[in-house]
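Student: Sharing a structure below in C-alpha cells format, with a few things to ask.
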Amino acid sequence: MLNVKNWNHVFKLDPNKPLQEECLTALCESGTDALIIGGTDGVTFDNVFDLLERVQAFNIPCILEVSTMEAIMPGFDSYFIPIVFNSMNKRYIVDIQHQAVKEYGDWINWDQMVVEGYCVLNEQAKVFEAAQCQLPSKEDVVAYAKMAEHMFHLPIFYLEYSGTWGEPELVREVAKQLDQTTLFYGGGIESIEQANLMKKYADVIVVGNIIYKDLQAALRTVEACM
Ligand SMILES: CC(C)=CCC/C(C)=C/CC/C(C)=C/CC/C(C)=C/CC/C(C)=C/CC/C(C)=C/CC/C(C)=C/COP(=O)(O)OP(=O)(O)O
Ligand SMILES: O=P(O)(O)OC[C@@H](O)CO
Ligand SMILES: [Mg+2]
C-alpha cells in the first residue's frame, strides 16, 4: 500500500495532453515521489491506458485519480477517489462513488483505494464548473479540513487551485488543523520559490500545468522539495 505520508512532491499528468517520450522520461527520473494521472475533461480509456503503459517502463509509483467511470482500469499502484466537499451537488460527494462501488465492488482491492477530500478554490478551473462547486469562505475551508481529519478520517485533504496560484495564508491555516490527514496543495506552482513557499505548509505539492508549458521549470520544482 502506498504511504502518501512520506511524499513531498508529485507531478499530475493530464491524459488529454500530449507528452513526448523524453519529457516523460525526465519526469519519471526527476526524483518526484509519484505520478498522478488525472484530469477533468477529455479523459478516456485509451489516453489513460496509453500513459499507464508508458509509465510502467519506469520505477515510479503511478496513481490513477479517478474522474470518470469510462477510464477505470486495473494496473495502477493506487487509485485516488475524489470527493468534492464544496460541490453543491451530492453526485460529486457520494453518488458517482456509490455507483462505481456498485459496479466494481467485487473487483476493488480496498488497500489500493485512497480517498481525497477535495476543496476546489479556483472559480475558473474546469473542475470547479464540472463538479458544480461553490466558493467557500476561509472559515468553510478550515471546517472542511476539520471534517476530513476528525469526522471522515480521510488520508488526503486536497486544496485545489488548479490553474492558478493559491493563498499561502489559507494553506497555513488548514495545515494547522491536520495531523493524521495529509495536506495536498495544487495550483499554479511554476518556480522553485512557489514550490518552497507552499511546501512550508502543505505536506505534498502537486505540479501539473507547467509540465506542458515549461518542462525545465516543472523539473526544478522537485529540487525545491528535496
Ligand atoms: C479491476 C479494476 C477495474 C479495478 C479498479 C478499481 C476501481 C478504481 C474502482 C472504482 C472505485 C471508485 C469509488 C471510483 C470513483 C469513480 C468516480 C468517477 C468518481 C468521481 C470523482 C469526482 C467527484 C470527480 C469530479 C472531478 C474531479 C475532482 C477530478 C479530479 C481531477 C482534477 C481536479 C484535475 C484538475 O483539473 P485539470 O483537468 O488539470 O484542469 P485543467 O485542464 O484546467 O488544467
Ligand atoms: O495544474 P496546476 O495548476 O499545477 O495544479 C496542479 C493540480 O492541483 C491540478 O489538479
Ligand atoms: Mg491541468
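Easy rule for this one: first residue shown is 1, then count along the chain.
Placement of Cβ uses the backbone N, Cα and C atoms for every residue, glycine included.
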Student: TrEMBL has Lys12, Tyr158, Leu159, Glu160, Tyr161, Ser162, Gly163, Gly208, Asn209 binding sn-glycerol 1-phosphate. Which one of Gly31, Gly188 is in the same site?
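Tutor: Given Lys12, Tyr158, Leu159, Glu160, Tyr161, Ser162, Gly163, Gly208, Asn209 bind sn-glycerol 1-phosphate in TrEMBL, the matching entry from Gly31, Gly188 is Gly188.
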Student: Please report the distance from the Cα of Lys12 (sn-glycerol 1-phosphate binding site) to the Cα of Thr40 (Mg(2+) binding site), rounded to the nearest angstrom.
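Tutor: The separation of the Cα atoms works out to 12 Å.
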Student: Using a 10 Å radius around its CB, how many other CB atoms surround Asp14 (Mg(2+) binding site)?
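Tutor: A count of 20.
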Student: When a 10 Å sphere is centred on the Cβ of Gly208 (sn-glycerol 1-phosphate binding site), how many other Cβ atoms does it contain?
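Tutor: Result for Gly208 (sn-glycerol 1-phosphate binding site): 22 neighbouring Cβ atoms inside 10 Å.
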Student: Consider the binding-site residues Leu159, Tyr161, Gly163, Gly208 and say which one has the Cα lying nearest the Cα of Asp14 (Mg(2+) binding site).
Tutor: Gly208
